[in-house]
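So that you can see what the record holds, here are the features copied from Swiss-Prot:
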- His63, His92: heme b binding site (BINDING)
- 2-146: domain 'Globin' (DOMAIN)
Amino acid sequence: VVWTNEERSIISSIFSNLDYDDIGPKALCRCLIVYPWTQRHFTTFGNLYTPEAIMTNSKVAEHGVKVLHGLDRAVKNMDNIKATYYDLSILHSEKLHVDPDNFKLLSDCLTIVVAAKMGSGFTPETQAAFQKFLAVVVSALGKQYH
């Protein structure tokens, strides 16, 4: 993947201004509520039976924050995202057996949450760079499935 200086700047700016404790849980909650079949990968998280239960589940919140910190690793290694996620890809494919399509669903939910937070600052150019970044991450996480 080739990144322009503008794309690098946009991605860095987005992540440097995100409140991980707010955005991460919101994105994961949205994914688990909108796509309930994704809940099967979180059976150890306890009660996920209702949207309210999901939104107040501390394990969901903690994992949402963890996901954003994982994305931060990609921001810091934009020229080598696939290698950065090699071990994580193996974990998700071979141990956790996560359907790789779920990464795309979560990235879509994250895009919605970030867009809502940024408001008019989430321009088409910003969205294009953000979605390109997430597409590379999703591809890297799914690499071991191929």
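Using N, Cα and C of the backbone, Cβ positions are placed for all residues, glycine too.
A simple way to gauge crowding: the CB of His63 (heme b binding site) has 16 other CB atoms within 10 angstroms, across all the protein chains here. Under DSSP, the residues of the domain 'Globin' (2-146) split into helix, strand and coil as follows: 120 helix, 0 strand, 25 coil.
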